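**Student:** The structure is given below, and queries will be raised subsequently.
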Amino acid sequence: MTSLVAVLILVTPILFSHLINAVTGMSEDEGGCTGPTILPNHPFVVVWNVPSGGCDAHGIKLNFSQYGIVTNKNDVFRGEMMTIFYGIGDFPSISGSQLNNGGVPQRGNLTLHLSKAKKQIEDLIPDANFKGISVLDFEAWRPIYQTNFDSLAKYQQLSIEVVKQLHPDWTNKTQIYNEAVKEFNEGAKNFFQSTLEVAEKLRPGGHWGYYGFPACRGVNPKTNICGNEQVENDNLSWLWELSTAVYPRIYTAVGEKINPRQKGVEHVVNETLRMKAKYMSPGTMILPYTLVQNGGTYFFDEADLGVAIKVPGDMGSSGVVVWGSNGQFHERGECVLLQTYLDFILGPYVLKLTNFYTSCSKTKCSGHGRCVNQKYELLYQKYLHQYGGTYCKKNWKEIKHMDEKLRHNYGKKTKFDVDDYVCSCYTGWKGNKCNIKTK
């Protein structure tokens with residue numbers, strides 16, 4: 001399979017040439033180039049966001065801690081390590097013929113929404129010093145007008161009707177459409193941005209971001225990029241700048257061939273790295289949402305886990321969040337299957353992988369940085385130089401060395417080889433080995 005880096009180099013030779021010929025002397029950001037750890041001295045962790053606590057009622061004790069898998073105390077769904085908010089506040093939405101809070105954001109009562117959101121945050125996270133994962137999951141509509149297609153097209157249609165009602169004398173369809181786009185996007189930004197600002201003000205230690213962002217839909221098979229989604233993600237620059245964490249979604253399905261699944265995950269990874277290079281603080285936490293099973297009995301094998309968990313680890317994520325439905329654990333038999341899977345496949349794999357990243361951090365990065373597969377670091381460097389970023393740039397010799405090494409190792413099947421990785425330093429450290437303390 002052609003590597004993602006090779007594809008990008010082929011389709012963007014001018015950009016890659018610009019990268020290779022970048023100005024010598026650019027150095028890493030002294031403030032750090034990778035997100036913080038969720039647990040001290042653990043550069044990569046797997047977080048369990050599956051409502052499996054009900055298995056206790058069936059007498060099945062799932063020992064996640066034995067394998068280093070992070071859970072809330074007593075395996076509660078919301079707790080001190082992570083909390084997810086479904087439908088926080090009172091976002092405008094359409095349910096059948098019912099319009100909730102105006103239906104579309106440009107007609108919504110933002111004050112009412114923020115008041116409810118504030119109360120929910122204070123109720124669900126009572127600890128003002130909370131420092132955990134904080135996910136806002138809102139999926140009724142997307143904050144860019146053009147991305148509300150298929151089942152979400154009703155938000156476009158209502159936005160058009162709102163303009164017609166306000167301007168009954170307008171007959172130009174283009175004028176009406178443009179006004180609908182403008183009003184929707186402005187209203188959506190107000191709701192998304194204000195909600196995030198309130199959350200970060202109330203619980204400033206939390207790692208706040210929206211579930212499923214950045215997204216990568218409509219990939220062009222010839223170029224392997226996200227097509228129009230890149231434009232839409234650029235239009236969300238305010239979201240990437242404000243978020244203290246991002247939670248892209250990298251779900252794949254058992255039964256599909258592994259190569260297309262890996263490509264799909266890498267498309268999201270690639271777009272996340274692009275947004276990081278162009279808009280985010282270098283220290284923004286990246287935590288993709290992933291799956292380890294489809295339904296109650298279809299569990300991922302080690303090859304599947306390599307795509308679902310290792311690819312995010314290799315890109316430099318602080319970890320992954322494993323999602324699952326409470327509908328998967330109604331029966332005792334389902335809990336027994338999960339326990340068996342945890343003890344014989346998932347747990348040992350997670351332990352092996354997280355131990356590798358921890359060991360790599362200690363031996364290669366002095367314990368002050370995260371090991372990133374040079375394939376993804378090369379992509380990140382490409383974007384940094386393309387967009388003129390001032391932090392975290394490596395000099396041209398380092399970049400060229402990574403590129404030559406990747407070409408030399410092309411096709412080699414190495415799963416856990418520290419030689420395939422380079423260091424990305426935590427805040428307060430710099431240097432190729434993260435052994436130089438910043439002033």
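Just so you know, the numbers here start at 1 and follow the chain as drawn.
Note: Cβ is positioned from N, Cα and C throughout, glycine not excepted.
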**Student:** Let me make sure I read this right: TrEMBL says Cys55 forms a disulphide bond with another cysteine. Which one, out of Cys33, Cys216, Cys226, Cys335?
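**Tutor:** It is Cys335, per the disulfide annotation in TrEMBL.
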**Student:** Within 10 Å of each Cβ, count the other Cβ atoms and name the one among the disulfide-bonded residues Cys360, Cys365 with the highest count.
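**Tutor:** Top count of Cβ atoms within 10 Å goes to Cys365.
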**Student:** Using a Cβ cut-off under 8 Å and a sequence separation of 6 or more, which residues in the same chain sit near Cys423 (disulfide bond)?
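**Tutor:** Set apart from Cys423 (disulfide bond) by at least 6 residues yet with Cβ under 8 Å, we have Lys364, Cys365, Gly369, Arg370, Cys371, Val372, Asn432, Lys433, Cys434.
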**Student:** Relative to the Cβ position of Cys55 (disulfide bond), how many further Cβ atoms are located within 10 Å?
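**Tutor:** So the number of other Cβ atoms within 10 Å of Cys55 (disulfide bond) is 19.
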**Student:** How long is the line from the C-alpha of Glu139 (active site, proton donor) to the C-alpha of Cys335 (disulfide bond), rounded to the nearest angstrom?
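**Tutor:** Just about 29 Å between their Cα atoms.
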